[in-house]
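Chemist: What TrEMBL shows for this protein is this:
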- G44, K45, G46, G47, V48, G49, K50, S51: ATP binding site (BINDING)
Amino acid sequence: MDLKKPFPVPVVSAAAARRAEDPWYAEPQSPVPGVRDVVLVGSGKGGVGKSTVTVNLACALAAQGLRVGVADADLYGPSVARLLGTGAGLAHGEDGRTVPALAHGVHAVSVANILPPEAALAWKGPLVAQALLQLFHEVAWPDLDLLLVDLPPGTGDVQLTLLEQVPVSGALLVTTPQRLALADAERGIALFHELDIPVFGLVENMSHYVCPCCGEHQPLFPEGGVRDLAARRHVSYLGSVPLDPAGQALADGGTPLVAAQPEAAAAQAFIAMAERLRAAVELERRALDRSPEAGGREAHAAFWEQLLD
Ligand SMILES: Nc1ncnc2c1ncn2[C@@H]1O[C@H](COP(=O)(O)OP(=O)(O)OP(=O)(O)O)[C@@H](O)[C@H]1O
């Protein structure tokens, strides 16, 4: 490969290019059969714990009685199957559709289950879109209250494709407290807001360490940045998750902390966040019920503003 040549990836995604040509462009959105709410879990940067947060929130929501699924849309680094311990091979129904794995009360499918692993990294625009939509329409999802979608980090083609083609109830963003991570998280919020997708909140991960001897909270980075970002961009702060080395070891073995040690400080943080997320999804539903048609957007925004005041 000639490294002096520009890397042959378009700067603007295929979806964004279409959008740029025609500001009114919108692909038809087809609902995911049987799924009530689709909630995206995003992050500005990679490695901030987005997949860890996704599977632990899913386990917590399932333990609270919701029917929950996780769709791993992280084409470039799918890790949900590993984190839930579901392995790579999935069954297929008589109609040929993939049947999600069930682990810790959570139904899960990863792009890694559907695609040959070597293919995904080399894919661009239309193929990415095609693969993603398979995840929603060629999977035999059972009836679900909530389908959490683990996105790749950043604000790229996957996000735009999903937002154009799958009806999404809202999103949450995971970040660590470092300033670089915060700057990218802010871009993520901006993308969702620009596309009128409610942001249910910010999750602060690996912010502190809880001493196992005395229970003291020791901050690992400068404090307050995530809360400030949430306030500045008018989104909820869903809470902070401590760095938990034991949880990390469990995750590597395919058992989410919430399932293995629900009493651990990090697990308790996930459980509390799951309750806040549930409440936010319900509020969004009520807001939509009040303003179901286009043109009711002001009523919808007013509803949220009133709650955030
Ligand atoms: N609170 C935590 N305490 C300890 N380890 C954590 C915590 N959160 C995440 N980790 C660890 O950090 C690593 C990265 O987490 P994870 O894969 O969830 O990040 P990610 O944001 O989804 O990454 P990417 O999107 O780049 O694939 C993993 O090894 C995970 O176990």
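In case you wondered, yes, glycine gets a Cβ from its N, Cα and C as well.
Unlike curated records, TrEMBL annotations are generated automatically.
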Chemist: Whose Cβ, among the binding-site residues G44, G46, G47, G49, has more other Cβ atoms within 10 Å than any of the rest?
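Modeler: The largest 10 Å Cβ neighbour count belongs to G44.
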Chemist: Count, for each of the binding-site residues K45, K50, the other C-beta atoms lying within 10 angstroms of its own C-beta, and report the residue with the smallest count.
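Modeler: If we count Cβ atoms within 10 Å for the binding-site residues K45, K50, the smallest count is at K45.
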Chemist: Give me the count of other Cβ atoms within 10 A of the Cβ belonging to S51 (ATP binding site).
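Modeler: Taking all protein chains shown, S51 (ATP binding site) has 26 Cβ neighbours within 10 Å.
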Chemist: In sequence order, which same-chain residues at least six apart have a C-beta under 8 angstroms from V48 (ATP binding site)?
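Modeler: Sequence-distant Cβ neighbours: P153, V174, T175, T176, A181, N205, M206.
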Chemist: From the centroid of the CB atoms of G44, K45, G46, G47, V48, G49, K50, S51, the recorded ATP site, which same-chain residues not already listed sit within 8 A by their CB, in sequence order?
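Modeler: Residues close to the ATP site, other than G44, K45, G46, G47, V48, G49, K50, S51: S43, P153, V174, T175, T176, A181, N205.
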Chemist: Translate the DSSP assignment of K45 (ATP binding site) into the three-state scheme.
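Modeler: Once the DSSP labels are grouped into three classes, K45 (ATP binding site) ends up as coil.
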